[in-house]
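Only one structure is covered here, and it is reproduced in the block below.
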Amino acid sequence: MSTSVNALRGVTAITVTPFDGTGAPDWSGYEAIVARMGAAGVHVITPNGNTSEFYALSRQEWQRANEVTMAAAGDSVVMPGIGYDIATAQDMAVAVQQLGAPLAMLHQPVHPHQSVAGWAAYNRLIAQSAPGLGFVLYVKDSRIDADALGSLFDACPNVVGIKYAVADPLRFGEICAALGADRVAWSCGLAERWAPSFWPLGAAGFTSGGVNVAPRLSLDYLLALCSGDRAEIRRLWSLIAPFEKMRAEDATACNVAVVKEALAQQGLCGEGVRPPAGGLSSQQREQVTGILASWSEAGY
């Protein structure tokens, strides 16, 4: 598992799930996108993440996405997303192990009433049900603190990473300092735009949806972050930021649609998303065209 954990200190791609004209998954398009990322050397590929429209997929589609990813990812580590209620997530963890994937990313619980202790119990019960599987926990609640995470690390040695997706680098830094930067693999779960703010405080990797579109751009950005090349970080950040800003607009309503539109303009898949995700206006599609042109001009 150590090799897989080391891969978390890199770029973790969250796949999109393309749909055809009937609204069914386009598995050939999906395979092409995953294969391109694998060939580029993306460290970890996560099917069934939020960018994958996890909550809009059926259980059968969840399984098929995992299978196609395992077949197409090349040398990339595959880390499927799992979640829902405790029993379903435990069952998904078993299915992930049966596929041969070494890691699973456990989604944030979807429940309107959560306590910190309840969040920890949810994650603990699922991680302990599959001790041979490495777990990355998805933190989106600012109340989750070092005590909650530390108790999980002690109870579940197979919790090997944290995807921290709270837009508060200072709090992240405090948690990382309290628990140790080497205790687990700490990843910025807010993609490239936020990565420079988390990097000096303990993050050693970041998640990305944009890597579906421009794998080399995300990988070069990682190299710049790791080397501390501030000029290169700024140059690449300025290329990536407009894309990520679009994805964040309107409470991230078009987060997935922006990525799919870019892939559609590359001829790799359709741009459709499933409700409740939102689509793009013609003006927004033109913005994506302009961003892709700037990437092409920069060699991406």
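Heads up, residue numbers simply count up from 1 along the chain you see.
Using N, Cα and C of the backbone, Cβ positions are placed for all residues, glycine too.
As given in TrEMBL:
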- TYR138: active site, proton donor/acceptor (ACT_SITE)
- LYS163: active site, schiff-base intermediate with substrate (ACT_SITE)
- THR51: pyruvate binding site (BINDING)
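Counted within 10 Å of its Cβ, the other Cβ atoms near LYS163 (active site, schiff-base intermediate with substrate) come to 28, all protein chains included.
For the recorded site, THR51 (pyruvate binding site), the DSSP three-state label reads coil.
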